[in-house]
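Everything on this sheet refers to the single structure shown next.
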Amino acid sequence: MRFQLFYILGLLSVTSLTHAASNLICYYDSNSYLRQGLAKMHTNELDLALQFCTHLVYGYAGLKSGTLELFSLNVDLDMFYYKDITALRQKFPQLKILLSVGGDRDVDEAHPNKYVELLEANRTAQQNFIDSSMILLKRNGFDGLDLAFQLPRNKPRKVHGSLGSYWKSFKKLFTGDFVVDPQAEEHKSQFTDLVGNIKNAFRSANLMLSLTVLPNVNSTWYFDVPKLHPQFDYINLAAFDFLTPLRNPEEADFTAPIFFQDEQNRLPHLNVEFQINYWLQNHCPGQKLNLGIASYGRAWKLSKGSGLSGAPIVHETCGVAPGGIQIQSAEGLLSWPEICSKLSQNASAQYRGELAPLRKVTDLTQKYGNYALRPADDNGDFGVWLSFDDPDFAGIKAVYAKGKGLGGIALFDLSYDDFRGLCTGQKYPILRSIKYFMG
């Protein structure tokens, strides 16, 4: 493992390590309290994790359509949980605790574009958002607000589609197959103005402001990097879920590779390196950026036509594979303890069907990530292909972040790590690995 870490350092585009990354941003989804069984997470189970975290981001608040006010997505839970969470500062006085808005948890089928509506709103309506945010934050003892706005996403690439002539401009190179927001330039300017107004109000109240760039939200469309970065205390890039079984049901590939693999018509922006470099090349200080790592994996259902090797890109997949027994996700999401329980542990054990273990394939190059698979049987059933970052690969990414001169790592999120120690007996193995290799 140590040899592999030194190896990847040689692949970095920097020549020296000038500092130790210091930020470890820990996301906590309050919905984890509502889960059943072993997936249910209580606030007292955060204590062990918070000795490693510099910031805790509590998710998620929402944006009220019409009035555009910040509001709790679960009043019955949050009316108690908000203050329980901020009270953790008594045990961890150096911990900064922020409330995140959006984060793909603010589901509003009647107003799916309400975050764009906030950008387009007049100054009075935007002030409702600012004022309501300050009231909610101050009333409950939060240190600041994290903007995880649910903005329009890149369209997924077309299966077997041609990339044409590699597009006619850099912007098209970064957008995927289609432009989904023809008013993107206007929205970029509006977002910059809104953030400036929020920052001005927060500054007088001594409140922090951070940005989370959600997966597949196009930075070239919405973020004027040179103007934006001075307004934020830090910026978290959720550099994962580039491909998922929901977005890409007919082909499976690495969900969060570090580097671009120039094969099989992959899109060149679907990797960590491209996302980080875009912000750095647009004059964002590295210390403002935190690399986002997922503590979960994504699972596709394999067909007989998907073959036996599992080497990505895997074709003829059939969308989402069944979730694990703890999270029970309908989106092909498996937490780390769910993943490790599916990997082969006992070579002598004989299981068939859905109980048969998955065979893990480790990426010896440490560039793209690990995967595991169970080919479909003769009837085309029980096939699974799973992409994930295990504790070792999360450590590799921590080393990468140090080498790029970034501020640190953002872990999405604590409730998907093995907070009960079910895999090996050690609790929070992904978080621990990140902290160890950050130094």
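Glycine too: its Cβ is placed from the backbone N, Cα and C atoms.
Looking up Cys340 in Swiss-Prot gives a disulphide bond to a cysteine among Cys53, Cys284, Cys423, identified as Cys423. Only one of Cys26, Cys284 is recorded by Swiss-Prot as the disulfide partner of Cys53: Cys26. Spacing of Cys340 (disulfide bond) relative to Cys26 (disulfide bond) is 21 Å (Cα to Cα, whole number). Put simply, Asn218 is the one of the recorded positions Cys26, Cys53, Asn218, Cys423 whose Cα lies nearest to the Cα of Asn122 (N-linked glycosylation site). With respect to their backbone Cα atoms, Cys26 (disulfide bond) and Cys423 (disulfide bond) stand 21 Å from each other.
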